[in-house]
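Novice: Here it is, the structure in full.
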Protein chains: 2
Amino acid sequence: MTEAKSPTALPGAAAELRHQSAHFPDGLALDCGAVLAPLDVAFRTYGALNAARSNAVLVCHALTGDQYLAERHPVTGRGGWWEAIVGPGKPIDTDRFFVICSNVLGGCMGTTGPREEMPGEGRPWGTDFPSVTIRDMVRAQKKLVGHLGIARLLAVVGGSMGGMQVLEWAATFPEMVFAAAPIATAPHHSAQNIAFDEVGRAAIHSDPDWRGGRYWEEPGLVPAKGLSVARMVAHITYLSEQALTRKFGRRLRGASALTFLEDVFEVESYLRHQGSTFVHRFDANSYLTITRAMDYFDLAAEHGGDLAAAFRGTQTRFFVASFSSDWLFPTEESRTLVRALNQAAANVSFVEITSDKGHDAFLLDEPEFHAALGGFLRGAADKLGV
Amino acid sequence: MTEAKSPTALPGAAAELRHQSAHFPDGLALDCGAVLAPLDVAFRTYGALNAARSNAVLVCHALTGDQYLAERHPVTGRGGWWEAIVGPGKPIDTDRFFVICSNVLGGCMGTTGPREEMPGEGRPWGTDFPSVTIRDMVRAQKKLVGHLGIARLLAVVGGSMGGMQVLEWAATFPEMVFAAAPIATAPHHSAQNIAFDEVGRAAIHSDPDWRGGRYWEEPGLVPAKGLSVARMVAHITYLSEQALTRKFGRRLRGASALTFLEDVFEVESYLRHQGSTFVHRFDANSYLTITRAMDYFDLAAEHGGDLAAAFRGTQTRFFVASFSSDWLFPTEESRTLVRALNQAAANVSFVEITSDKGHDAFLLDEPEFHAALGGFLRGAADKLGV
């Protein structure tokens with residue numbers, strides 16, 4: 001385990017960030033055929049590993065998340081992205097569990113990705129970074145888990161793209177996963193989701209500051225406008241229509257009557273703010289790499305078109321959760337997953353949480369969801385005698 | 001009535017377009033307080049006006065539509081956008097009705113808009129074009145209808161933004177509208193719809209070729225990348241998830257297995273194509289102007305917050321239609337409209353068409369919808385003795 005300094009300049013405070021990181025000189029063989037070597041996996045842990053090394057819970061983050069799960073984020077200064085879920089006495093109870101979260105392969109918070117140095121080139125990988133898959137991300141996490149001396153994870157938990165990783169873990173390394181909680185996710189990315197991702201990528205590609213992916217040639221330059229538009233469109237898909245309406249309705253900004261200015265509706269300035277803050281913490285080439293990985297994800301296709309085959313003979317216990325107003329990963333896709341798990345005779349419980357908060361609900365204060373996830377993990381731990 | 005030549009260069013064939021147009025030297029007073037003078041309204045008609053001038057049906061087009069309703073489009077060379085509906089023996093029967101369709105105020109097919117010449121300036125309006133509302137669009141159409149010598153329209157019909165215009169017609173000039181058919185529309189634009197529009201506008205604003213709206217300073221220059229991204233995101237909202245999946249699923253382009261190239265999914269190249277063809281026929285400043293008009297639209301707000309008050313005492317008969325998989329203008333918004341019409345004691349029939357084609361269904365082959373609309377219009381014509 002080493003402390004690695006990010007080799008390239010991040011805007012603002014991140015320039016001096018040092019991430020807790022594991023270094024693997026032999027690297028990682030990828031689905032695309034390339035070998036990434038060396039491999040660094042940046043991560044954070046919370047709680048203590050017990051003597052039997054049996055209480056480890058791996059949390060997998062979503063597209064724009066990172067390893068700063070349950071603590072102040074070093075770039076944004078905001079709280080951890082799953083502080084509602086992870087902490088002492090919380091559903092993922094750090095008094096009982098040893099919680100691990102690593103930055104995904106291809107990410108931009110210390111794990112090997114487009115912003116890190118391309119070996120022997122003295123410059124970032126940029127668009128020369130190979131295409132990665134969700135399964136590649138999971139293979140990198142497996143190296144970290146081995147590095148930490150853990151033979152089996154009590155649980156792997158994650159929402160959205162994190163849930164895709166949970167499914168890959170259970171399908172690819174079933175003997176290492178006692179319990180799996182894929183949340184607000186799907187066994188493949190839908191045509192509509194691919195389409196929205198493509199809009200985001202087109203916006204980045206269209207920004208002249210992207211420079212064919214070589215924006216890092218000019219210190220401090222990022223394709224801010226394109227990345228901001230990508231974030232804006234993605235952000236809409238994270239919220240339900242009801243949530244947007246409740247938050248903003250058609251409220252006007254500082255105007256009691258209709259004026260004919262730009263940025264007249266509150267929802268517009270909110271989205272612009274979401275876009276402009278995002279570019280200070282996320283790398284555009286990482287965004288391209290990771291959205292591609294999501295789009296490639298198709299667990300059934302990896303198993304001859306038979307989703308149930310991905311889980312045949314599994315001993316893993318599953319907890320599947322969806323949210324009623326999530327239109328990015330609708331409940332129907334969780335039902336497809338549950339049907340396949342049932343076909344594979346897996347131990348599975350499924351809950352659709354009634355919520356009007358959309359896809360984002362998995363990150364928010366949803367007591368019913370928290371109680372169900374907490375209960376599932378306690379049950380798994382009790383079963384294992386943790 | 002004059003033949004006006006578009007004063008600024010359009011890309012490709014459109015440069016030499018001459019639109020059938022009505023010229024109003026006195027212009028139009030707008031909701032924002034400005035007076036647009038002169039005003040030109042470009043239009044097309046189909047069928048013949050009867051001697052009593054009682055068989056006129058005004059069709060209002062949507063955001064990116066235009067007056068070329070039922071004939072080959074002079075720029076794209078494709079069929080008219082509502083040829084499925086408008087023609088001899090069709091639901092809007094040109095053997096019986098005199099059909100009028102005009103390019104909306106702020107549009108870019110000959111009606112006064114950002115691409116037309118700013119009086120006395122010798123250059124296009126561009127971003128100096130005043131903000132317009134749906135009601136302003138309707139006022140411009142009213143001038144055209146008067147110019148054509150028509151005192152009352154047999155019907156006003158339109159889908160999407162066209163439906164908003166239908167509602168404004170019925171609310172603002174009820175004595176001129178015998179029958180009204182607002183289709184796949186809503187009495188206001190939702191927060192989610194405003195948000196998607198804002199993404200499109202941000203993409204245009206982000207394109208350096210937009211040049212603060214002064215792209216017309218360089219002949220042939222258009223903010224093609226930004227406008228293309230705007231079109232791509234809008235296009236997703238026009239289709240249902242089911243329609244996208246049926247059309248494309250996760251099919252790969254010319255590849256039997258997963259490759260790691262760009263543009264690997266069919267849905268991506270389709271969207272890119274949609275975006276790139278759009279920029280050759282639509283003006284970016286028009287897109288900004290018209291999406292703003294849609295976002296401003298809030299019929300209840302124009303009537304003290306009471307939607308029913310917009311229709312109080314109306315003698316107009318209404319036909320409201322929605323499509324079950326339309327998530328841009330969901331059925332619930334049509335129901336809100338129907339409840340208000342009922343409160344106002346209006347004569348209203350409502351149908352939700354079962355379709356998996358999304359918002360686009362109103363443009364497509366939907367026999368149940370066509371039969372219902374055709375029946376409504378025949379009934380109205382019979383009642384008037386047309």
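Note: Cβ is positioned from N, Cα and C throughout, glycine not excepted.
Curation plays no part in TrEMBL annotations; they are all automatic predictions.
Feature annotation from TrEMBL assigns active site, nucleophile to A:Ser160. Annotation source TrEMBL lists active site at A:Asp326, A:His359. TrEMBL lists A:Arg231, A:Asp360 with the feature substrate binding site. Summarising the annotation, TrEMBL assigns domain 'AB hydrolase-1' to A:55-364.
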Novice: What residue among the recorded positions A:Asp326, A:Asp360 has the most other CB atoms lying within 10 A of its CB?
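Specialist: Per the Cβ count within 10 Å, the most buried is A:Asp326.
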Novice: Quick check: in three-state DSSP terms, what is A:Arg231 (substrate binding site)?
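Specialist: Note: A:Arg231 (substrate binding site) is helical by DSSP.
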Novice: What does the structure give for the C-alpha distance between A:Asp326 (active site) and A:Ser160 (active site, nucleophile)? Integer Å is fine.
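Specialist: With distance taken Cα to Cα, A:Ser160 (active site, nucleophile) is 11 Å from A:Asp326 (active site).
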Novice: What average pLDDT does the predicted model assign to the domain 'AB hydrolase-1' (A:55-364)?
Specialist: 93
Novice: Using DSSP with the three-state reduction, classify A:Asp326 (active site) as helix, strand or coil.
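Specialist: Note: A:Asp326 (active site) is coil by DSSP, not helix or strand.
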Novice: Do you know offhand how many angstrom separate A:Asp360 (substrate binding site) and A:Ser160 (active site, nucleophile) by C-alpha?
Specialist: 9
Novice: Reported as an integer number of Å, what is the Cα distance between A:His359 (active site) and A:Arg231 (substrate binding site)?
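Specialist: The separation of the Cα atoms works out to 15 Å.
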Novice: Look up A:Ser160 (active site, nucleophile) in the DSSP assignment and report helix, strand or coil.
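Specialist: DSSP assigns A:Ser160 (active site, nucleophile) to coil.
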Novice: Could you tell me which three-state DSSP class A:His359 (active site) falls into?
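Specialist: Looking at the DSSP assignment, A:His359 (active site) belongs to a helix.
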Novice: Give me the Cα-Cα distance between A:Arg231 (substrate binding site) and A:Ser160 (active site, nucleophile), rounded to a whole Å.
Specialist: 16
